[in-house]
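According to Swiss-Prot, the protein carries these features:
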- CYS117: active site, proton donor (ACT_SITE)
- LYS22, ASN23: phosphoenolpyruvate binding site (BINDING)
- ARG93, ARG122, PRO123, VAL124, ASP125, LEU126, ASP308, VAL330: UDP-N-acetyl-alpha-D-glucosamine binding site (BINDING)
- CYS117: 2-(S-cysteinyl)pyruvic acid O-phosphothioketal (MOD_RES)
Amino acid sequence: MEVIQVKKSLNLKGEVKIDGAKNSALPIIAASLLGTEPIILEDVPKLKDVSIILKVLEELGSKVTYLDKNKVEIDSSNVNNSVTPHELMNKMRASFLVMGPLLTRLGQTKTYLPGGCAIGSRPVDLHLKGFKALGAEIESTDEKIEAIAKDGLIGGEIYLDFPSVGATQNIMMAATMAKGETVIENAAKEPEIVDLASFLNKLGAKVRGAGTSTIRIVGVDKLHGARHTIIPDRIEAATFMVASAITRGDVTVKNCISSHIMPIIAKLREVGCEVIENEDEDSIRVIATGRLKGTKIKTLPYPGFPTDVQAQFMALMTVCKGQSSVEETVFENRFMHVEQLQKMGAAIATEGNEASIAGVDSLQGATVKSTDLRAGAALILAGLVADGTTNVTDIYHIDRGYDDIVSKFKKLGANIERIEIED
């Protein structure tokens, strides 16, 4: 089987360029179904999840052309298939984001329930609540969902019980061609929401308030083409910032927007890192010397501490001096990495959605399993400071969210390889 093998690599040093954000690219690619003219997207990350959603679009009738490694042209002018492919939908959760665009453009869609990271229930009921509020009729079974709006969608008011990113995005896209005004209350505020709104407006949509808890969309008759650059991936940036901290390194993260990751910057300073922001160059330098001290984090919807960096920060906490704690409030069942870190000698106790960590002097290399995307990243970070050799298995999870993570770490001086080992 293929593993990522990591050997102790202290004092990482150098620069790393961050790719476009996966969590922005996926909804924007889905939204490309709305345009009746070609769309060009730049800084599209080369990831497994991205290739899956592009295949979904091709199955629906879009023409997808790579102009270079990170530039894609999507022509959805001839899309007329409203049924999503079952085998592709089953591979990735974000594939559900095509439902809103198909519903508003074609008046109907049949889709299969999605797969992806097994983090808690992550239900799609908020998406469906939004579609119903816009006048769609929904029929669902355990496997598939059908939505129909015979006479088109009609603007409405939607209150989200939780500021779900996916639901906010799906409802925004569905509302772009609904008759009248749609108001989403308690909307997600993530930078990826703002990026999607920016893209939709380039297509000719009328979206206001993205980045606040109230988003207003006035429906238009049709949307056209556009050129758009995906924002940098704040989670990838945070991962390499934590890598600098855990290895007592000096790493400059390029192509990142510091205002998108303020909680990470604040917490790294709290544990004892020097963090230098250079907004003119969109870069952040993280310098760590000596042993860092423990801290507390509580995951929250944006602009709070991101749940997608919880596992990586916990890896850092395992070797900080003193006690640390984590409270996970966004997703249930998001401590699957704890057992793997414990195999490496981490002193972690969990109760419900809380974890307490007693910092240890050193971790030990082990064979550990990447249980989800961010857990995989956390185990690589732990391997960088563990004595001996760490083999991270199930690395397909890591490939879903990081493009060429091994070569990026190598450039910083890490002893890391993708290799085949016997099962």
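The backbone N, Cα and C atoms fix where each Cβ goes, and this holds for glycine too.
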Fewest-neighbour residue among binding-site residues, criterion Cβ within 10 Å, set LYS22, ARG93: ARG93
Could you tally the C-beta atoms, other than its own, that fall within 10 angstroms of the C-beta of ASN23 (phosphoenolpyruvate binding site)? 25
In whole Å, how far is VAL330 (UDP-N-acetyl-alpha-D-glucosamine binding site) from LYS22 (phosphoenolpyruvate binding site) when you measure between their Cα atoms? 19
Length of the line joining the Cα atoms of VAL124 (UDP-N-acetyl-alpha-D-glucosamine binding site) and ASN23 (phosphoenolpyruvate binding site), in Å: 17
Using C-alpha atoms only, work out the spacing between VAL330 (UDP-N-acetyl-alpha-D-glucosamine binding site) and ASN23 (phosphoenolpyruvate binding site) and round it to an integer in Å. 16
Students should find that the Cα atoms of ASP308 (UDP-N-acetyl-alpha-D-glucosamine binding site) and ASN23 (phosphoenolpyruvate binding site) sit apart, in Å rounded to an integer, by 11
Counting across all protein chains, other CB atoms within 10 angstroms of the CB of VAL124 (UDP-N-acetyl-alpha-D-glucosamine binding site) number 20
Report, in whole Å, the straight Cα-to-Cα distance of ASN23 (phosphoenolpyruvate binding site) from ARG93 (UDP-N-acetyl-alpha-D-glucosamine binding site). 11
Please report how many Å separate the Cα atom of ASN23 (phosphoenolpyruvate binding site) from that of ASP125 (UDP-N-acetyl-alpha-D-glucosamine binding site), as a whole number. 20
Name the residue among the binding-site residues PRO123, LEU126, VAL330 whose Cβ has the smallest number of other Cβ atoms within 10 Å. PRO123
Entry from the binding-site residues list ASP125, ASP308 having the most other CB atoms no farther than 10 A: ASP308
